[in-house]
Amino acid sequence: MTHPVITAARFNEAGLIPAIAQQHDTGEVLMMAWMNAESIAESLSTGQVCYFSRSRGKLWRKGESSGHVQRLVEMRLDCDGDTLLLLVEQTGPACHTGAHNCFFRRVTKDGLEEIA
């Protein structure tokens, strides 16, 4: 049976929906990635977050090679049904660069500034 969130979600023309990962206990925004119906279903059934990699064209199980997994605490669908919020327990850095989160470049009037 298809989970109701998959039925309610408004996927784009490629069958994807943006998902924002947020540390459940601090509220820190960690990253944004894409999910499809299969990755949503897997995340809900296993409790480990799974995304869809657009560059590789396949499921991307977060932390599969790095060990920096995300345990799904809660999943929320926004009011328009076109974005997911994943409340997660992050193990290690969330960003592939090794940064704790993917939002470490502040936009200023003069350009970009790296922040911790």
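Count begins at 1; order follows the chain as displayed.
Each residue, glycine too, has its Cβ placed from N, Cα and C.
Swiss-Prot has this to say about the protein:
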BINDING   Asp78, Asp80, Asp82  Mg(2+) binding site
BINDING   Cys79, Cys95, Cys102  Zn(2+) binding site
Q. If you count the C-beta atoms lying within 10 Å of each candidate's C-beta, which of the binding-site residues Cys79, Cys95, Cys102 ends up with the smallest number?
A. Cys79
Q) Do you know offhand how many angstrom separate Cys102 (Zn(2+) binding site) and Asp80 (Mg(2+) binding site) by C-alpha? A) 25
Q | Cα-to-Cα gap, Asp78 (Mg(2+) binding site) vs Cys95 (Zn(2+) binding site), nearest whole Å | A | 24
Q.
I'm trying to understand the geometry here, so how far is the Cα atom of Cys95 (Zn(2+) binding site) from the Cα atom of Asp80 (Mg(2+) binding site), in Å to the nearest whole number?
A. 27
Q. Fewest neighbouring Cβ atoms within 10 Å: which of the binding-site residues Asp78, Asp80, Asp82?
A. Asp80
